[in-house]
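K.L.:
Here you go, one structure.
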(Lines of atoms letter the chains of each structure in order from A and count residues from 1; the text may use other names and numbers.)
(Lines give C-alpha, C1' and ligand atoms only; values in the text may rest on other atoms or scores of the structure.)
Protein backbone atom coordinates (compact mmCIF):
# COMPACT_ATOMS: atom_id res chain seq x y z
CA UNK A 1 0.00 0.00 0.00
CA UNK A 2 1.22 3.46 -0.80
CA UNK A 3 2.10 5.85 2.01
CA UNK A 4 -1.11 7.86 2.44
CA UNK A 5 0.76 10.78 3.97
CA UNK A 6 3.09 10.92 0.96
CA UNK A 7 0.11 10.68 -1.40
CA UNK A 8 -1.67 13.55 0.36
CA UNK A 9 1.43 15.73 0.23
CA UNK A 10 2.51 14.76 -3.31
CA UNK A 11 -0.59 13.76 -5.32
CA UNK A 12 0.81 14.90 -8.67
CA UNK A 13 4.09 13.00 -8.15
CA UNK A 14 2.16 9.84 -7.29
CA UNK A 15 -0.06 10.22 -10.34
CA UNK A 16 3.04 10.66 -12.52
CA UNK A 17 4.64 7.52 -11.08
CA UNK A 18 1.49 5.50 -11.65
CA UNK A 19 1.26 6.86 -15.19
CA UNK A 20 4.70 5.34 -15.86
CA UNK A 21 3.20 1.93 -15.22
CA UNK A 22 0.08 2.71 -17.26
CA UNK A 23 -2.19 2.66 -14.23
CA UNK A 24 -5.25 4.93 -14.63
CA UNK A 25 -5.21 6.63 -11.24
CA UNK A 26 -8.17 9.00 -10.85
CA UNK A 27 -6.40 11.91 -9.16
CA UNK A 28 -9.49 14.14 -9.30
CA UNK A 29 -11.59 11.53 -7.49
CA UNK A 30 -8.94 11.16 -4.79
CA UNK A 31 -8.63 14.93 -4.34
CA UNK A 32 -12.43 15.20 -4.10
CA UNK A 33 -12.44 12.59 -1.31
CA UNK A 34 -9.69 14.49 0.46
CA UNK A 35 -11.66 17.75 0.18
CA UNK A 36 -14.75 16.06 1.68
CA UNK A 37 -12.64 14.62 4.49
CA UNK A 38 -11.05 17.98 5.30
CA UNK A 39 -14.47 19.65 5.26
CA UNK A 40 -15.82 17.09 7.76
CA UNK A 41 -12.81 17.52 10.04
CA UNK A 42 -12.97 21.33 9.88
CA UNK A 43 -16.71 21.36 10.58
CA UNK A 44 -16.28 18.92 13.48
CA UNK A 45 -13.55 21.09 15.00
CA UNK A 46 -15.77 24.16 14.72
CA UNK A 47 -18.66 22.32 16.37
CA UNK A 48 -16.35 21.11 19.15
CA UNK A 49 -15.32 24.73 19.81
CA UNK A 50 -18.98 25.70 19.96
CA UNK A 51 -19.67 22.78 22.32
CA UNK A 52 -16.83 23.85 24.59
CA UNK A 53 -18.24 27.38 24.70
CA UNK A 54 -21.74 26.06 25.36
CA UNK A 55 -20.45 23.82 28.15
CA UNK A 56 -18.85 26.83 29.77
CA UNK A 57 -22.17 28.72 29.55
CA UNK A 58 -24.03 25.79 31.13
CA UNK A 59 -21.53 25.64 33.98
CA UNK A 60 -21.77 29.39 34.46
CA UNK A 61 -25.57 29.29 34.54
CA UNK A 62 -25.59 26.47 37.08
CA UNK A 63 -23.17 28.29 39.34
CA UNK A 64 -25.43 31.34 39.21
CA UNK A 65 -28.50 29.22 39.99
CA UNK A 66 -30.12 30.07 36.66
CA UNK A 67 -32.04 27.92 34.16
CA UNK A 68 -29.57 25.95 31.95
CA UNK A 69 -32.14 23.72 30.19
CA UNK A 70 -32.00 25.56 26.85
CA UNK A 71 -28.21 25.57 26.85
CA UNK A 72 -28.17 21.87 27.69
CA UNK A 73 -30.49 21.12 24.77
CA UNK A 74 -28.19 23.01 22.44
CA UNK A 75 -25.23 21.13 23.85
CA UNK A 76 -26.88 17.80 23.03
CA UNK A 77 -27.61 18.91 19.47
CA UNK A 78 -23.98 19.93 18.98
CA UNK A 79 -22.79 16.54 20.25
CA UNK A 80 -25.07 14.78 17.75
CA UNK A 81 -23.73 16.93 14.91
CA UNK A 82 -20.11 16.24 15.93
CA UNK A 83 -20.79 12.50 16.07
CA UNK A 84 -22.29 12.57 12.57
CA UNK A 85 -19.33 14.53 11.18
CA UNK A 86 -16.83 12.15 12.81
CA UNK A 87 -18.68 9.18 11.32
CA UNK A 88 -18.63 10.82 7.89
CA UNK A 89 -14.86 11.36 8.18
CA UNK A 90 -14.35 7.72 9.20
CA UNK A 91 -16.44 6.56 6.23
CA UNK A 92 -14.32 8.66 3.88
CA UNK A 93 -11.14 7.23 5.47
CA UNK A 94 -12.48 3.73 4.81
CA UNK A 95 -13.24 4.69 1.22
CA UNK A 96 -9.69 6.01 0.77
CA UNK A 97 -8.23 2.85 2.32
CA UNK A 98 -10.27 0.67 -0.03
CA UNK A 99 -9.13 2.79 -2.98
CA UNK A 100 -5.48 2.41 -1.94
CA UNK A 101 -5.77 -1.39 -1.81
CA UNK A 102 -6.34 -1.33 -5.56
CA UNK A 103 -3.47 1.07 -6.36
CA UNK A 104 -0.12 -0.53 -7.31
CA UNK A 105 3.32 0.39 -6.04
CA UNK A 106 5.29 3.24 -7.56
CA UNK A 107 8.12 2.16 -9.88
CA UNK A 108 11.62 2.92 -8.63
CA UNK A 109 13.58 5.62 -10.46
CA UNK A 110 15.88 2.93 -11.91
CA UNK A 111 12.99 0.88 -13.28
CA UNK A 112 13.09 1.38 -17.07
CA UNK A 113 10.27 3.16 -18.87
CA UNK A 114 8.13 1.04 -21.16
CA UNK A 115 4.67 -0.38 -21.76
CA UNK A 116 5.13 -4.16 -21.97
CA UNK A 117 7.61 -7.04 -21.90
CA UNK A 118 8.75 -6.00 -25.37
CA UNK A 119 10.34 -2.96 -23.71
CA UNK A 120 12.30 -4.89 -21.04
CA UNK A 121 16.04 -4.28 -21.52
CA UNK A 122 18.49 -7.15 -21.23
CA UNK A 123 20.98 -6.70 -18.38
CA UNK A 124 23.34 -9.66 -18.92
CA UNK A 125 23.64 -13.21 -20.21
CA UNK A 126 25.34 -16.30 -18.86
CA UNK A 127 26.26 -19.48 -20.70
CA UNK A 128 26.30 -20.38 -24.36
CA UNK A 129 23.19 -22.00 -25.85
CA UNK A 130 23.89 -25.48 -27.15
CA UNK A 131 24.17 -25.99 -30.90
CA UNK A 132 22.15 -28.95 -32.17
CA UNK A 133 24.05 -30.34 -35.17
CA UNK A 134 22.96 -34.00 -35.21
CA UNK A 135 19.24 -33.57 -34.58
CA UNK A 136 16.70 -30.82 -34.08
CA UNK A 137 15.88 -29.56 -30.57
CA UNK A 138 12.95 -31.36 -28.97
CA UNK A 139 10.11 -29.97 -26.90
CA UNK A 140 10.48 -30.89 -23.25
CA UNK A 141 7.04 -32.49 -23.12
CA UNK A 142 8.04 -34.86 -25.94
CA UNK A 143 11.34 -35.71 -24.25
CA UNK A 144 9.58 -36.12 -20.92
CA UNK A 145 6.88 -38.41 -22.30
CA UNK A 146 9.48 -41.19 -22.67
CA UNK A 147 10.92 -40.52 -19.22
CA UNK A 148 7.82 -40.48 -17.02
CA UNK A 149 5.82 -37.34 -17.85
CA UNK A 150 2.26 -38.66 -18.11
CA UNK A 151 -0.01 -36.00 -19.61
CA UNK A 152 -2.96 -38.31 -20.32
CA UNK A 153 -3.32 -39.55 -16.76
CA UNK A 154 -2.94 -36.00 -15.45
CA UNK A 155 -5.95 -34.98 -17.56
CA UNK A 156 -7.86 -38.02 -16.29
CA UNK A 157 -7.15 -37.03 -12.70
CA UNK A 158 -7.51 -33.27 -12.77
CA UNK A 159 -8.15 -31.87 -16.25
CA UNK A 160 -5.91 -29.63 -18.32
CA UNK A 161 -2.75 -27.89 -17.04
CA UNK A 162 -1.65 -30.55 -14.56
CA UNK A 163 1.22 -33.03 -14.65
CA UNK A 164 1.89 -36.55 -13.42
CA UNK A 165 5.56 -37.46 -12.99
CA UNK A 166 6.69 -41.05 -12.66
CA UNK A 167 9.93 -42.84 -11.94
CA UNK A 168 13.07 -40.90 -12.83
CA UNK A 169 11.22 -37.63 -13.43
CA UNK A 170 9.49 -37.86 -10.05
CA UNK A 171 12.91 -38.34 -8.51
CA UNK A 172 14.29 -35.42 -10.53
CA UNK A 173 11.52 -33.17 -9.19
CA UNK A 174 12.48 -34.11 -5.64
CA UNK A 175 16.20 -33.77 -6.39
CA UNK A 176 15.81 -30.29 -7.85
CA UNK A 177 13.90 -28.98 -4.84
CA UNK A 178 16.42 -30.52 -2.42
CA UNK A 179 19.37 -29.13 -4.37
CA UNK A 180 17.89 -25.63 -4.42
CA UNK A 181 17.06 -25.67 -0.72
CA UNK A 182 20.53 -26.96 0.18
CA UNK A 183 22.18 -24.24 -1.90
CA UNK A 184 20.12 -21.45 -0.38
CA UNK A 185 20.45 -22.65 3.22
CA UNK A 186 24.05 -23.81 2.98
CA UNK A 187 25.62 -21.11 0.80
CA UNK A 188 23.24 -18.14 0.91
CA UNK A 189 22.28 -18.05 4.58
CA UNK A 190 18.52 -18.62 4.31
CA UNK A 191 16.44 -20.31 6.99
CA UNK A 192 14.21 -23.05 5.59
CA UNK A 193 10.55 -22.95 6.59
CA UNK A 194 7.58 -25.21 5.88
CA UNK A 195 4.24 -23.42 5.71
CA UNK A 196 0.59 -24.28 5.06
CA UNK A 197 -0.71 -24.30 1.48
CA UNK A 198 -3.93 -22.60 2.60
CA UNK A 199 -3.94 -18.97 3.75
CA UNK A 200 -6.55 -16.46 4.85
CA UNK A 201 -7.67 -13.58 2.67
CA UNK A 202 -5.84 -11.24 5.05
CA UNK A 203 -2.53 -12.83 4.01
CA UNK A 204 -3.28 -12.25 0.33
CA UNK A 205 -4.21 -8.63 0.99
CA UNK A 206 -0.89 -8.25 2.77
CA UNK A 207 1.19 -9.36 -0.21
CA UNK A 208 -1.02 -7.65 -2.79
CA UNK A 209 -2.88 -10.46 -4.56
CA UNK A 210 -6.19 -9.33 -3.08
CA UNK A 211 -8.45 -7.61 -3.73
CA UNK A 212 -7.34 -6.97 -7.31
CA UNK A 213 -6.41 -10.47 -8.52
CA UNK A 214 -9.05 -12.73 -6.99
CA UNK A 215 -9.77 -14.41 -10.34
CA UNK A 216 -6.20 -15.77 -10.42
CA UNK A 217 -6.70 -17.66 -7.15
CA UNK A 218 -8.35 -20.89 -6.03
CA UNK A 219 -10.77 -20.04 -3.20
CA UNK A 220 -12.02 -22.56 -0.67
CA UNK A 221 -15.80 -22.80 -0.76
CA UNK A 222 -17.46 -21.41 2.32
CA UNK A 223 -14.26 -19.94 3.78
CA UNK A 224 -12.31 -16.71 3.47
CA UNK A 225 -9.27 -18.79 2.55
CA UNK A 226 -7.33 -19.69 -0.59
CA UNK A 227 -4.73 -22.08 -1.95
CA UNK A 228 -1.41 -20.26 -2.14
CA UNK A 229 -0.35 -18.93 -5.57
CA UNK A 230 3.25 -18.71 -4.32
CA UNK A 231 5.15 -19.29 -1.07
CA UNK A 232 5.72 -15.53 -1.01
CA UNK A 233 2.27 -15.23 0.58
CA UNK A 234 2.64 -17.40 3.70
CA UNK A 235 6.34 -16.65 4.19
CA UNK A 236 5.96 -12.86 4.02
CA UNK A 237 2.99 -13.06 6.37
CA UNK A 238 4.98 -14.97 8.98
CA UNK A 239 5.79 -11.55 10.44
CA UNK A 240 2.47 -9.82 9.75
CA UNK A 241 1.64 -7.44 12.58
CA UNK A 242 5.09 -7.81 14.17
CA UNK A 243 7.90 -5.45 15.11
CA UNK A 244 11.32 -6.96 14.40
CA UNK A 245 14.50 -5.80 16.11
CA UNK A 246 16.84 -3.98 13.75
CA UNK A 247 19.54 -6.49 14.67
CA UNK A 248 17.44 -9.26 13.04
CA UNK A 249 17.73 -7.61 9.61
CA UNK A 250 18.35 -8.77 6.97
CA UNK A 251 16.22 -11.85 7.57
CA UNK A 252 15.90 -14.46 4.82
CA UNK A 253 13.62 -17.48 4.45
CA UNK A 254 13.46 -20.16 1.78
CA UNK A 255 10.48 -22.43 1.28
CA UNK A 256 9.51 -25.20 -1.14
CA UNK A 257 5.79 -25.45 -1.82
CA UNK A 258 3.29 -26.42 -4.42
CA UNK A 259 1.70 -23.31 -5.94
CA UNK A 260 -1.84 -23.06 -7.29
CA UNK A 261 -2.98 -20.61 -9.97
CA UNK A 262 -6.10 -20.45 -12.09
CA UNK A 263 -4.10 -19.00 -15.03
CA UNK A 264 -7.03 -16.74 -15.89
CA UNK A 265 -6.34 -14.92 -19.12
CA UNK A 266 -3.78 -17.45 -20.37
CA UNK A 267 -6.13 -19.46 -22.58
CA UNK A 268 -4.21 -21.00 -25.47
CA UNK A 269 -0.76 -20.22 -24.01
CA UNK A 270 1.67 -23.06 -23.18
CA UNK A 271 -1.11 -25.63 -23.13
CA UNK A 272 1.32 -28.58 -23.08
CA UNK A 273 4.19 -29.50 -20.82
CA UNK A 274 5.46 -27.96 -17.59
CA UNK A 275 5.61 -24.25 -18.39
CA UNK A 276 2.15 -23.07 -17.30
CA UNK A 277 0.32 -25.33 -14.85
CA UNK A 278 -2.44 -24.91 -12.30
CA UNK A 279 -0.21 -26.67 -9.75
CA UNK A 280 3.58 -26.49 -9.74
CA UNK A 281 6.50 -26.72 -7.35
CA UNK A 282 8.66 -23.71 -6.57
CA UNK A 283 11.44 -22.83 -4.16
CA UNK A 284 10.93 -19.28 -2.92
CA UNK A 285 13.31 -16.75 -1.41
CA UNK A 286 11.87 -14.04 0.86
CA UNK A 287 13.87 -11.29 2.58
CA UNK A 288 13.00 -8.68 5.21
CA UNK A 289 15.60 -5.92 5.03
CA UNK A 290 16.48 -2.43 6.20
CA UNK A 291 15.16 0.30 3.86
CA UNK A 292 18.65 1.76 3.44
CA UNK A 293 20.03 -1.47 1.93
CA UNK A 294 17.08 -2.90 0.02
CA UNK A 295 18.44 -2.23 -3.48
CA UNK A 296 21.79 -3.81 -2.63
CA UNK A 297 19.75 -6.72 -1.27
CA UNK A 298 17.85 -6.97 -4.56
CA UNK A 299 21.10 -7.42 -6.46
CA UNK A 300 22.19 -10.05 -3.94
CA UNK A 301 18.87 -11.90 -4.18
CA UNK A 302 19.04 -11.92 -7.98
CA UNK A 303 22.58 -13.30 -7.88
CA UNK A 304 21.43 -16.05 -5.52
CA UNK A 305 18.73 -17.14 -7.95
CA UNK A 306 21.26 -16.98 -10.78
CA UNK A 307 23.57 -19.26 -8.80
CA UNK A 308 21.05 -22.09 -9.20
CA UNK A 309 21.04 -21.77 -12.98
CA UNK A 310 24.82 -21.54 -13.11
CA UNK A 311 25.23 -24.65 -10.94
CA UNK A 312 22.82 -26.50 -13.25
CA UNK A 313 24.78 -25.31 -16.31
CA UNK A 314 21.69 -23.76 -17.90
CA UNK A 315 22.16 -20.72 -20.19
CA UNK A 316 20.06 -17.75 -19.13
CA UNK A 317 19.70 -14.02 -19.31
CA UNK A 318 18.61 -11.31 -16.88
CA UNK A 319 16.15 -8.63 -17.96
CA UNK A 320 14.96 -5.56 -16.05
CA UNK A 321 11.18 -5.27 -16.17
CA UNK A 322 9.94 -1.93 -17.43
CA UNK A 323 7.43 0.16 -15.49
CA UNK A 324 4.53 -1.13 -17.58
CA UNK A 325 5.43 -4.78 -16.92
CA UNK A 326 6.36 -4.95 -13.23
CA UNK A 327 4.02 -6.70 -10.84
CA UNK A 328 1.37 -4.92 -8.80
CA UNK A 329 3.39 -4.78 -5.56
CA UNK A 330 6.85 -4.32 -7.05
CA UNK A 331 8.99 -1.19 -7.29
CA UNK A 332 11.72 -2.93 -9.29
CA UNK A 333 12.00 -6.44 -10.75
CA UNK A 334 14.58 -8.53 -12.54
CA UNK A 335 13.42 -11.58 -14.48
CA UNK A 336 15.71 -14.54 -15.05
CA UNK A 337 14.95 -16.25 -18.35
CA UNK A 338 16.34 -19.70 -19.13
CA UNK A 339 17.17 -20.83 -22.66
CA UNK A 340 14.73 -23.39 -24.12
CA UNK A 341 16.27 -24.75 -27.36
CA UNK A 342 13.04 -26.13 -28.84
CA UNK A 343 11.34 -22.76 -28.49
CA UNK A 344 14.47 -20.96 -29.62
CA UNK A 345 14.09 -18.31 -26.94
CA UNK A 346 14.57 -17.45 -23.30
CA UNK A 347 11.61 -18.09 -20.96
CA UNK A 348 10.99 -16.71 -17.49
CA UNK A 349 12.09 -18.99 -14.66
CA UNK A 350 12.39 -16.49 -11.80
CA UNK A 351 11.27 -12.99 -10.87
CA UNK A 352 13.26 -11.13 -8.21
CA UNK A 353 11.54 -8.05 -6.82
CA UNK A 354 11.94 -5.25 -4.31
CA UNK A 355 8.57 -4.20 -2.91
CA UNK A 356 10.09 -1.50 -0.69
CA UNK A 357 7.55 -0.88 2.12
CA UNK A 358 4.47 -1.58 -0.04
CA UNK A 359 3.75 -5.05 1.39
CA UNK A 360 5.01 -4.10 4.84
CA UNK A 361 2.38 -1.34 5.08
CA UNK A 362 -0.39 -3.71 4.02
CA UNK A 363 0.78 -6.44 6.41
CA UNK A 364 2.02 -4.05 9.14
CA UNK A 365 5.57 -5.41 9.37
CA UNK A 366 7.91 -3.01 11.15
CA UNK A 367 11.31 -2.91 12.76
CA UNK A 368 12.54 -1.01 15.79
CA UNK A 369 15.82 0.79 15.14
CA UNK A 370 18.63 0.25 17.61
CA UNK A 371 18.60 2.94 20.27
CA UNK A 372 14.85 2.88 20.87
CA UNK A 373 13.83 5.17 18.04
CA UNK A 374 10.38 5.17 16.43
CA UNK A 375 9.47 2.00 14.52
CA UNK A 376 9.62 1.98 10.72
CA UNK A 377 8.41 -0.35 8.00
CA UNK A 378 10.81 -3.00 6.71
CA UNK A 379 11.38 -3.48 3.01
CA UNK A 380 10.39 -6.89 1.64
CA UNK A 381 11.90 -8.72 -1.31
CA UNK A 382 11.23 -12.06 -2.89
CA UNK A 383 12.32 -14.18 -5.80
CA UNK A 384 11.93 -17.68 -7.19
CA UNK A 385 14.91 -19.81 -6.50
CA UNK A 386 13.67 -21.49 -8.79
CA UNK A 387 10.41 -22.71 -10.34
CA UNK A 388 11.00 -26.48 -10.25
CA UNK A 389 8.89 -27.53 -13.25
CA UNK A 390 10.38 -24.93 -15.58
CA UNK A 391 13.86 -25.90 -14.40
CA UNK A 392 13.08 -29.51 -15.26
CA UNK A 393 11.82 -28.45 -18.69
CA UNK A 394 15.09 -26.59 -19.30
CA UNK A 395 17.17 -29.60 -18.23
CA UNK A 396 15.22 -31.90 -20.56
CA UNK A 397 15.56 -29.60 -23.58
CA UNK A 398 19.19 -28.65 -22.99
CA UNK A 399 20.39 -32.13 -22.04
CA UNK A 400 18.51 -34.36 -24.49
CA UNK A 401 20.55 -36.74 -26.65
CA UNK A 402 19.76 -38.27 -30.05
CA UNK A 403 18.42 -41.48 -28.46
CA UNK A 404 16.03 -39.59 -26.18
CA UNK A 405 18.16 -39.90 -23.06
CA UNK A 406 19.00 -36.79 -21.01
CA UNK A 407 22.39 -35.96 -19.53
CA UNK A 408 21.89 -34.48 -16.07
CA UNK A 409 23.81 -31.48 -14.72
CA UNK A 410 26.75 -32.62 -12.59
CA UNK A 411 25.39 -30.82 -9.52
CA UNK A 412 22.32 -33.08 -9.49
CA UNK A 413 24.13 -36.43 -9.71
CA UNK A 414 24.53 -36.80 -5.90
CA UNK A 415 20.82 -36.03 -5.48
CA UNK A 416 19.94 -38.70 -8.06
CA UNK A 417 21.84 -41.47 -6.29
CA UNK A 418 24.75 -41.26 -8.71
CA UNK A 419 22.55 -41.37 -11.83
CA UNK A 420 24.13 -39.28 -14.58
CA UNK A 421 21.78 -39.97 -17.50
CA UNK A 422 18.00 -40.36 -17.65
CA UNK A 423 17.12 -43.22 -19.98
CA UNK A 424 13.75 -43.60 -21.72
CA UNK A 425 11.51 -45.98 -19.79
CA UNK A 426 11.32 -48.54 -22.60
CA UNK A 427 15.09 -48.54 -23.00
CA UNK A 428 15.61 -49.08 -19.27
CA UNK A 429 13.28 -52.05 -19.34
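Each Cβ is built from the backbone N, Cα and C atoms, and glycine gets one as well.
Residues or ranges marked as L-serine binding site by Swiss-Prot on the basis of sequence analysis: 230, 231, 232, 284, 384. Residues annotated as ATP binding site in Swiss-Prot: 261, 262, 263, 348, 349, 350, 351.
Could you place these features in context, so I can see how deep they sit and what lies close by?
P.N.:
According to DSSP, residue 230 (L-serine binding site) is assigned to coil rather than to any helix or strand.
The DSSP secondary structure for residue 263 (ATP binding site) is coil.
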K.L.:
If you draw a 10 Å sphere around the Cβ of residue 284 (L-serine binding site), how many other Cβ atoms fall inside it, taking every protein chain shown into account?
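P.N.:
The Cβ of residue 284 (L-serine binding site) has 30 Cβ neighbours within 10 Å.
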K.L.:
Give the helix, strand or coil assignment DSSP yields for residue 284 (L-serine binding site).
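P.N.:
SS state of residue 284 (L-serine binding site) = strand.
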K.L.:
Using a 10 Å radius around each Cβ and counting other Cβ atoms from all shown chains, which of the binding-site residues 230, 262, 350, 351, 384 yields the largest count?
P.N.:
350
K.L.:
State the count of C-beta atoms found within 10 angstroms of the C-beta of residue 261 (ATP binding site), not counting that atom itself.
P.N.:
20
K.L.:
In terms of Cα spacing, which of the binding-site residues 230, 231, 384 are within 10 angstroms of residue 350 (ATP binding site)?
P.N.:
384
K.L.:
Determine the most Cβ-crowded residue among the binding-site residues 232, 263, 348, using a 10 Å radius around each Cβ and all protein chains in the structure.
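P.N.:
Sorting the candidates by Cβ neighbours within 10 Å, the top entry is 232.
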